[in-house]
Every structure is written in structure tokens, then in C-alpha cells.
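These come from Swiss-Prot:
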type     : residues : note
TRANSMEM : 15-35    : transmembrane segment
TRANSMEM : 43-63    : transmembrane segment
TRANSMEM : 71-91    : transmembrane segment
TRANSMEM : 98-118   : transmembrane segment
TRANSMEM : 143-163  : transmembrane segment
TRANSMEM : 224-244  : transmembrane segment
TRANSMEM : 251-271  : transmembrane segment
TRANSMEM : 285-305  : transmembrane segment
């Protein structure tokens with residue numbers, strides 16, 4: 001009873017902190033100069049991480065099994081994994097300009113998990129026979145860690161595409177017929193030369209910053225996705241061994257397994273494109289962006305179906 005109450009308290013605290021951090025992030029998007037707000041949001045992310053950790057430990061003790069048996073528990077663990085990816089660069093004092101992407105992932109996932117939409121599966125239950133195995137921690141944790149890393153890496157690639165393909169607004173008009181009537185040829189030539197100098201200086205600084213940001217996004221998306229791909233491979237292989245012990249077959253092509261294989265193929269293609277210098281950058285980022293959608297279909301969309309050998313981790317949306 002005590003652990004159940006503590007879990008309930010931590011759930012509401014984490015949701016409250018998420019709401020506060022969302023507000024702070026919205027303010028920092030409007031006012032970039034307020035450094036104290038940025039520090040407050042980062043401290044809020046650390047508080048969220050501590051709450052999620054306490055929530056997982058409490059549920060583990062209360063349910064007497066590792067909290068990865070259903071969608072709600074896996075969402076909490078996914079939030080924890082995303083928060084780890086977020087706070088590690090923060091403590092190393094690196095890549096603050098990339099923290100907004102990882103922070104948004106944590107806020108969205110934890111906010112959804114604790115918002116009350118999954119109230120029906122919040123209560124802990126006895127594990128079904130298929131999950132009463134030592135492979136539960138190995139397989140499911142590796143899969144969730146891979147989802148977290150691949151989602152963050154894919155979001156970095158999406159940001160890379162947005163910055164790359166965003167068109168520059170031409171703040172200086174190239175031709176103006178009215179100038180030809182009001183000014184002489186020499187005056188027009190002088191004004192054009194001055195505008196060209198200003199425009200060149202402005203866009204040179206802007207393009208330099210943009211190129212540096214694109215390089216950072218490309219660099220970190222590749223490394224985070226590579227880490228996630230390793231986790232995904234380990235998760236699929238451990239799941240195959242577990243499936244052979246439980247069902248007598250390494251692979252059964254149920255919806256979850258099929259989409260996990262599709263996810264693996266997509267990110268294998270991404271890593272393959274990275275070996276070609278000509279395909280790096282925007283081309284490989286497009287593949288990673290496709291992978292972002294595939295991950296959500298594999299992790300969340302398949303659970304809505306409630307069919308297949310992994311149906312015990314699903315849920316159904318019911319109306320009152």
C-alpha cells in the first residue's frame with residue numbers, strides 16, 4: 001500500500017514538473033536571452049529524471065518484477081532512457097543547442113504516460129506466463145533503449161532537414177523600377193554595391209552558423225543512431241532466443257517482429273548511406289526521418305492492433 005501511494009505521488013509530481021518545464025521551454029523559445037530560464041528548464045529535466053527513476057524503482061518493488069510488462073511501464077522506461085540521453089551532454093557542458101530536441105522527447109513521452117490517458121493499465125498485474133523469464137529484462141530493455149536512441153537520432157536528422165531546406169528570405173530587393181526614375185545611374189550603382197556588401201556580410205555569418213549547426217546535427221544523429229542500432233540488434237537477437245525457448249521458434253513474423261525487422265532494415269540503410277560521402281547529410285537524414293515514423297509504428301501503432309504473440313503488451317482505447 002505504501003509503495004502504491006508513493007508511485008501515485010511520483011506520477012503526479014513528474015506530470016506537474018513536465019507541465020512547468022513545457023511552460024519554461026515555450027518562454028525560452030520567445031526570449032532567447034534569458035539564461036536563467038534555460039538553467040531552470042535543465043534543472044527541471046534532472047528533477048523529471050529523478051522522479052522517473054523513483055517511479056520505476058517503486059513499481060519494481062511493488063510489482064515484484066522489472067517494470068517492462070505492458071505499454072505503460074515501457075513508456076515510463078522510454079522516458080527514463082530519453083532523459084538519460086538528454087542529461088549526459090548537459091553534465092558534460094556540451095551541445096546545449098541540441099538539448100531542445102532531446103528535452104522535447106522526454107516531455108512528450110512522460111507527459112503522455114502520466115496524463116491519465118493510460119489509466120486503465122496503470123495498475124500493476126501478475127506477469128503472464130510468456131513474460132515470466134529472465135530474458136524479459138535483456139530483450140525489452142534493449143528494445144526500449146534502442147527506440148530512445150533511434151528516436152533522438154532521427155529527430156536530429158529531421159532538424160537537419162528543416163534547416164537545410166529552409167529557404168532564405170531575400171530582405172533586399174534585386175530590382176525596383178521606382179529607383180530608376182528617382183535616382184541617377186551612379187546613385188543606383190552605389191546603392192546596389194552597398195546593399196551587396198551588407199547582404200554578403202549578413203548571409204556569410206548566417207550561412208556559417210547554419211553550416212556549423214548542420215554539421216553538429218549530422219555528427220550527433222549518426223552517433224546516436226549507431227548506438228541505437230546496436231541496441232536494436234541485441235534486442236532482436238535476444239528476443240529470437242527467448243521466442244525459441246517460449247514458443248519453439250526463433251521467428252514467427254507476427255506484427256511486432258515484422259515491424260522490428262523493418263525498423264532494423266531502414267536504419268541499416270541509413271548506416272550504409274553514411275559510408276558514401278556523397279549521400280551524407282540531407283540524403284541520409286531523409287532515411288532517418290522515415291525511420292522516425294517506422295519506430296512509432298513498431299512501438300506504438302502495433303500495440304493498438306492487439307494481435308499477434310506480443311498482444312500482452314497492447315491496450316485498447318475505450319470510451320466511457
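Glycine is treated like the rest: Cβ placed from N, Cα and C.
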Other same-chain positions with a Cβ less than 8 Å from the transmembrane segment (143-163) and lying at least 6 residues past its termini are 68, 74, 77-78, 81-82, 84-85, 98, 101-102, 104-105, 210, 213-214, 217-218, 220-225, 227-232, 234-236, 239, 260, 263, 267, 281-282, 284-286, 288-289, 291-292, 295, 299
* Are there 3 or more C-beta pairs under 8 Å linking the transmembrane segment (224-244) with the transmembrane segment (43-63), counting only pairs at least 6 apart in sequence? -> no
Same-chain residues at least 6 beyond the ends of the transmembrane segment (98-118) with CB under 8 Å of its CB atoms are 11-12, 14-15, 18-19, 21-22, 25, 41-42, 45, 48, 52, 71-72, 75-76, 78-79, 82-83, 85-86, 89-90, 148, 151-152, 155-156, 159, 216-217, 220, 315
